[in-house]
Amino acid sequence: MNPPPIVIFGTSGLSAYSIENIIDRLNESNQIAIDTAPNYVSAEIAIGNKIQRLINEGFKREDIFIQTKIDWQDIIKVGTQTAIKNSLKRLKIDYIDSLLLHWPFPDIFIKAYKEMEHSYKVGIAREIGVCNFKLRHFEMLLNDGISVKPMINQIEIHPFNTCSDIVKWCNEQEIQVQAYTPLLKMLPKVSENSTLVTLAKKYEASIPQIIYAWNKSRNIIPVTKTSNPKRIDEIFKAFEITIKEEDLTRISSLNEDYKFMLESWGCPGY
Ligand SMILES: NC(=O)c1ccc[n+]([C@@H]2O[C@H](COP(=O)([O-])OP(=O)(O)OC[C@H]3O[C@@H](n4cnc5c(N)ncnc54)[C@H](OP(=O)(O)O)[C@@H]3O)[C@@H](O)[C@H]2O)c1
């Protein structure tokens, strides 16, 4: 089995053209790791078309990491098993490297997760996990007789939302944490922050590189996004940077529990 990717590239809101360009550039780096979801418009279809072309050209399926998710609309409308089959069809693959439950949808998330367990057991999903789970959601799941513990928790993490409690708990449980929106979309809050600007100068790096390196120090895999293939080299080089302990603490101390994504998108009040 291949080692887990050091960084995963998101596809929400990207055009098919951008997705193709990014995968081409990742192909040159030999590290194709993609995050998608059925509700990212037609991203799964664009990824499937591109991956099929690469495989036809001799690229090995096992060298491509594809992560997709289960959405509540699909759980309700077609059921979890059919939702997984539909993703496989769109992605033109016969197994998913990592299958995540998109949100802890009230009333239906435990049943949906148990169906994901089945996909794991029959090899359709090589890893299964969750997104946007807090400790209370894990407690509900773990107390409901599941047989495969989630392997991944994908949550919003950046220097202004460090999620230290849930990260610590997941590390203790050997649940791999993935950070979505790791750059907080490079909003001015990030790009103009004096601590991050100072550290970028100190390490002769960009602010995104500082943030990716900080994630690595916390054993977190960033799920970032770019429409610009020219940024890919910069992103991979970030993982060669070692930030001193006192500077890691400075970054973590920027935390103010600031979230870009609504607390309970898709599951209001939860
Ligand atoms: N599980 C969930 O509920 C959930 C929720 C949200 C997101 N996600 C996943 O996480 C992925 C990433 O989310 P995100 O887009 O919010 O991530 P992000 O990495 O915080 O932000 C990406 C944005 O930052 C810009 N950027 C990247 N590098 C830059 C640089 N060096 N200088 C200036 N701007 C830069 C990109 O613009 P350019 O295109 O110009 O590079 C892009 O618009 C999504 O695509 C999705 O796959 C999951």
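Yeah, the Cβs are placed from backbone N, Cα and C, and that goes for glycine too.
In TrEMBL, annotation is done automatically, which means it is predicted and not curated.
Here TrEMBL flags Y40 as active site, proton donor. In the three-state DSSP classification, Y40 (active site, proton donor) falls within coil.
Taking Cβ-Cβ distances under 8 Å and a sequence gap of 6 or more within the same chain, the neighbours of H102 (substrate binding site) are A37, N39, K69, I70, D71, W72, C131, N132, G266. What TrEMBL lists as substrate binding site is H102.
The domain 'NADP-dependent oxidoreductase' feature in TrEMBL is assigned to 19-256.
Sequence annotations record features per position, and here TrEMBL assigns site 'Lowers pKa of active site Tyr' to K69. Its own atom aside, the Cβ of K69 (site 'Lowers pKa of active site Tyr') has 25 Cβ atoms within 10 angstroms in the protein chains shown.
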In three-state DSSP terms, the structure that K69 (site 'Lowers pKa of active site Tyr') belongs to: strand
For Y40 (active site, proton donor), the number of other Cβ atoms found within 10 Å of its own Cβ: 20
